[in-house]
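Colleague: For 1-220, the entry in Swiss-Prot reads region 'Pyrophosphorylase'. Residues or ranges marked as UDP-N-acetyl-alpha-D-glucosamine binding site by Swiss-Prot on the basis of sequence analysis: 7-10, 21, 78-79, 132, 146, 161, 218, 304, 321, 335, 346. Swiss-Prot lists 99, 218 with the feature Mg(2+) binding site, giving sequence analysis as the kind of evidence. Among the features that Swiss-Prot reports, region 'Linker' is placed at 221-241. What Swiss-Prot lists as region 'N-acetyltransferase' is 242-427, and the listing cites sequence analysis. The feature active site, proton acceptor is assigned by Swiss-Prot to 332, with sequence analysis given as support. Marked as acetyl-CoA binding site by Swiss-Prot on the basis of sequence analysis: 349, 355, 356, 374, 392, 409.
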């Protein structure tokens, strides 16, 4: 059986972040989670080597069926040191890095198909400056040369080490104990095994991999580029499954959102952790942790977490938060928070549910076929029963019974010729 070991113990100092490198997110999901999910497509036998922010990373991956190993950096530093603490269980062992969130299972599968003592990934770069070169003869790796040690011919080699390896079990069991930390950094290097194996005449096959999938994330700039690629993959998947997207390069969809039926997404939309079913989300709208079914949203609307909208129209500049809306219309300029509103109800422009008193939040419940006039304030907690009309400009702070009209306005007072008196002008 294949065993996969994911090396994720490093600090990632080049990220310049208080967050562990592998916990940085692309489209809402951490790098380490992407790698685990792709690995699980190949084998259930997965080990993750951790150290930096051990508790936080462990908490992130606790729901995955993986074995967690804590690397002792004092006794066994380095990539080779990480392997010294992992029991070798598989007939073949695939070594991955925790900062490669774009890897794909189908590409990793190709490593198993090669018959060699070691399979080593290489990337062909247009500009390999700054990288060590991999010398390959007839598909076999002969040596890895650091750029500073390379001769003129070796500097012309476009192949560099991509950092992913497949070892036969016997190779690791034989050569891991031979690893030495007799170097300037006092670390155990995994690449030293490559040198020992080559000297002993064993086979090291090179496999060329896609730079986009295997290039590691080492900085915030790398992270932004990787997220751009991941978001593109997510959008392509949903478009291939029938979702219409207008100017998709302007749309952000995270890894946890899903679409069912015929859906349409306008330009500039942001959709996070949401389920969109047979609905249209129009331009420049934001939907977060919500369920939208048979509804039209936007343009320029915001649907916040814990909201469920069914058969509903939400227009421009309407914000919905933690509300269940069934068959209603809120065309423009409203805030509906902590609300339950039933079918046939019309929400006039400027309607506000006043759900917070400075200490706690309260619910607004509105029944069926309610007409709420413009510029209405609903002071929660409040219940409005079916078939109610609320006049424009009203402030509602009491429950309203079925079939009633509610109106709260100061009487209109008209003072004749006031304008002329105020400004001292004649009529």
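Each residue, glycine too, has its Cβ placed from N, Cα and C.
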Colleague: With DSSP, how much of the region 'Linker' (221-241) is helix, how much strand and how much coil, in residues?
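Modeller: The region 'Linker' (221-241) comes out at 20 helix, 0 strand, 1 coil.
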Colleague: Taking the Cβ of residue 349 (acetyl-CoA binding site) as centre, how many other Cβ atoms lie within 10 Å?
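Modeller: Taking all protein chains shown, residue 349 (acetyl-CoA binding site) has 17 Cβ neighbours within 10 Å.
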Colleague: Work through the recorded positions one by one (21, 321, 332, 409) and point out the residue whose CB has the fewest other CB atoms within 10 angstroms.
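Modeller: It is 409 that, of the recorded positions 21, 321, 332, 409, has the fewest other Cβ atoms within 10 Å.
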Colleague: Does residue 79 (UDP-N-acetyl-alpha-D-glucosamine binding site) have same-chain partners at least 6 apart in sequence with Cβ under 8 Å from its own Cβ, and which are they?
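Modeller: Listed in sequence order, they are 7, 187, 188, 189, 190, 191.
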Colleague: What count of other C-beta atoms do you get within 10 angstroms of the C-beta of residue 374 (acetyl-CoA binding site), across all chains shown?
Modeller: 16
Colleague: Using DSSP, would you call residue 374 (acetyl-CoA binding site) helix, strand or coil?
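Modeller: For residue 374 (acetyl-CoA binding site) - judged by DSSP and reduced to three states - the answer is coil.
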Colleague: Out of 99, 356, 374, 392, 409, point to the one nearest residue 9 (UDP-N-acetyl-alpha-D-glucosamine binding site) in space (Cα versus Cα); all of them are binding-site residues in the record.
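Modeller: In terms of Cα distance, residue 9 (UDP-N-acetyl-alpha-D-glucosamine binding site) lies closest to 99.
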